[in-house]
Amino acid sequence: MTTLLIAEHDHETLKDSTNKALTAASQLGGDVHVLVAGGGQGTKAAAEAAAKLAGVTKVLVAEGPAYEHDLAEPLAALIVALAPGYDAFVAPATSRFKNVMPRVAALLDVMQVSEIIKVVAPDTYERPIYAGNAIQTVKSKDAKKVITVRTSTFAAAGEGGSAAIENAASAADPGLSTFVGEEVAKSDRPELTSAKIIVSGGRAMQSRENFAKYIEPLADKLGAGVGASRAAVDAGYAPNDWQVGQTGKVVAPELYVAVGISGAIQHLAGMKDSKVIVAINKDEDAPIFQVADYGLVADLYQAVPELTEALGKLGK
Amino acid sequence: MKVLVPVKRVVDYNVKVRVKSDGTGVELANVKMSMNPFDEIAVEEALRLKEAGKATEVVVVSIGPAQASETIRTGLAMGADRGILVKAEGSVEPLAVAKILKAVVEAEQPGLVILGKQAIDDDSNQTGQMLAALLGWSQATFASKLEVEGSDFKVTREVDGGLQTIKLKGPAIVTTDLRLNEPRYASLPNIMKAKKKPIDDKSVADYGVDVTPRLEVLKTAEPAGRKAGVKVKDVAELVNKLKTEAGVL
Ligand SMILES: Cc1cc2nc3c(=O)[nH]c(=O)nc-3n(C[C@H](O)[C@H](O)[C@H](O)COP(=O)(O)OP(=O)(O)OC[C@H]3O[C@@H](n4cnc5c(N)ncnc54)[C@H](O)[C@@H]3O)c2cc1C
Ligand SMILES: Cc1cc2nc3c(=O)[nH]c(=O)nc-3n(C[C@H](O)[C@H](O)[C@H](O)COP(=O)(O)OP(=O)(O)OC[C@H]3O[C@@H](n4cnc5c(N)ncnc54)[C@H](O)[C@@H]3O)c2cc1C
């Protein structure tokens, strides 16, 4: 059997989520080829990085304007055009592939298995349902498998390969949608889904300014990524791409610091697999304390600056 | 332009579901069921289009057991014009739901279908994209802003890095994210009025779709639990524990 792994990249560098999805793809047992589809020069660099990953036997590159902005229709058409050569299609469950893969699955008449957290057998996987309150083991009866991978639960594959790089056969762009623009925040902080430490703020932050004044300095001391609860994002205290939870990003860092977050199940769904959880909340009965390894009952407006300062003294 | 909104009956988001002790699924007896929250957002958006004179009719459709008619009534009470219930027993996977919806779309000819981005029970996040594929239509998932431009659409989407805006050739599929709008509550008079609005009763057989599941659920289990840890008395103790006990600093 041969698996096609679709690579996540930012049109320059290959993303860590690709390495993690590769681990899942390799566990399916067959050969793994990687498709790198993108626009512009950087696609080649991403393909070269993919060729070095351990376990990859071939890299297919598709470069063209249709793939520059992650539009679903042309990328799905491309994957479907490549489908006859493959038995399984695997991609990380990032927003790009949550958008594209079900379209691929339907065109292949396959029921996709979303966000698997474990490969039990080549056709059997575990996936969370009900915001992670239950884990389902499902067996796919489809001839071809279409799978997205919850990257927070798979280790990243390392380097060590030297796969051949080929151009992918092209597919016509259905021309159904066009790119208008984007607002992508540039930040020097680690991305949420690959950060080793995350500091998140909730509704208690009260404003965008307080995020900048309390959460961000603490995050910077720790070299951490910054997250937020839905309540904080809805209120405009934090941008949408910071949302952690059932319907935001799912993260599993070494250390997750929840500040002024109550711990609703939808939030826990996104962070309860973190290795160490710290909660700072002034309500000693807040549900977040039920999952926190270290809970501090305190007013965040006092505790957070103190913590930031204490870390500074540690030489952080 | 007619707008079609598929709405799903799911366990209410406030309910903490329990896995059945025999591992055959989750306990659904006597738990509160509601409209999937993302579908409320979809209904709201359709109603706003109608109120702005951009849509002529809002039709809600649900695929599920007889009780899914309650979910349709919720949509009608919010202000949708009529409903379609496609009765189906047991599990209907997103691919089968999408196939049924395709048949409904072919009969109803909407200019726009708005779905939720994900149903909070199965968390699949698939149905809208699959429907777009089967119809050969354009798609915009995770919408936080929707504008009508003639028969086309401009949609702002929530993506991993921020926001992306794309233009869709109509007819189109849009799936809702949390920040598209804040759904209204149905008023009592509107709940009364909704009782008289028509719901078309259909069954899966009417559409000739094979709904045999492609995924076999072998078991459903409780996730690995996480125990509450300790409360620390102050910041100094916290830092000390993180450094010496947890080793994360
Ligand atoms: C369909 C759906 C999807 C959802 N998806 C998500 C999701 O992906 N992610 C997510 O996070 N939520 C999600 N939610 C929302 C979730 O249910 C909660 O509403 C949300 O997580 C609450 O955010 P919060 O903890 O910041 O706010 P609150 O629940 O209001 O908690 C604020 C906390 O701050 C504490 N506090 C207040 N002041 C201080 C102070 N000065 N010092 C210290 N502590 C203080 C309070 O004690 C309280 O515990 C979703 C909901 C629905 C219906
Ligand atoms: C083996 C198995 C057993 C299952 N058993 C049950 C069960 O006992 N009870 C149960 O409630 N569910 C059950 N489900 C889940 C359910 O039948 C389907 O998975 C579901 O119809 C698709 O929803 P989703 O969350 O996967 O789709 P998503 O793709 O996450 O849904 C996105 C959107 O699609 C639309 N949509 C989805 N489904 C419908 C629908 N039925 N009608 C109208 N619009 C819809 C909504 O707009 C929704 O917001 C089971 C699933 C499987 C695989």
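Glycine is treated like the rest: Cβ placed from N, Cα and C.
TrEMBL annotations: computationally assigned, not manually curated.
Here is what TrEMBL records for this protein:
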DOMAIN    A:3-183  domain 'Electron transfer flavoprotein alpha/beta-subunit N-terminal'
BINDING   A:Arg203, A:229-230, A:243-247, A:260-267, A:Asn281  FAD binding site
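Taking the features listed in TrEMBL, we show where each one sits on the structure.
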residue	record	contacts (Cβ under 8 Å, 6+ apart)
A:Arg203	FAD binding site	A:Ser229, A:Ala231, A:Ala232, A:Ala235, A:Tyr237, A:Gly260, A:Ile261, A:Ser262
A:Gln243	FAD binding site	A:Gly227, A:Ala228, A:Ser229, A:Arg230, A:Val233, A:Lys249
A:Gln246	FAD binding site	A:Ala131, A:Gly132, A:Ile265, A:Gln266, A:His267, A:Ala269, A:Gly270
A:Ala264	FAD binding site	A:Ser229, A:Pro287
- Task: Let me know the most crowded of the binding-site residues, choosing from A:Ile261, A:His267 and counting other Cβ atoms within 10 Å.
- Result: A:Ile261
- Message: For the domain 'Electron transfer flavoprotein alpha/beta-subunit N-terminal' (A:3-183), report the average pLDDT of the model, please.
- Response: 96
- Item | Candidates from A:Arg203, A:Gln246, A:Ile261, A:Ala264, A:His267 close to chain B, where binding-site residues are judged by Cβ under 8 Å | A:Gln246
- Can you tell me the three-state DSSP label for A:Ala264 (FAD binding site)? coil
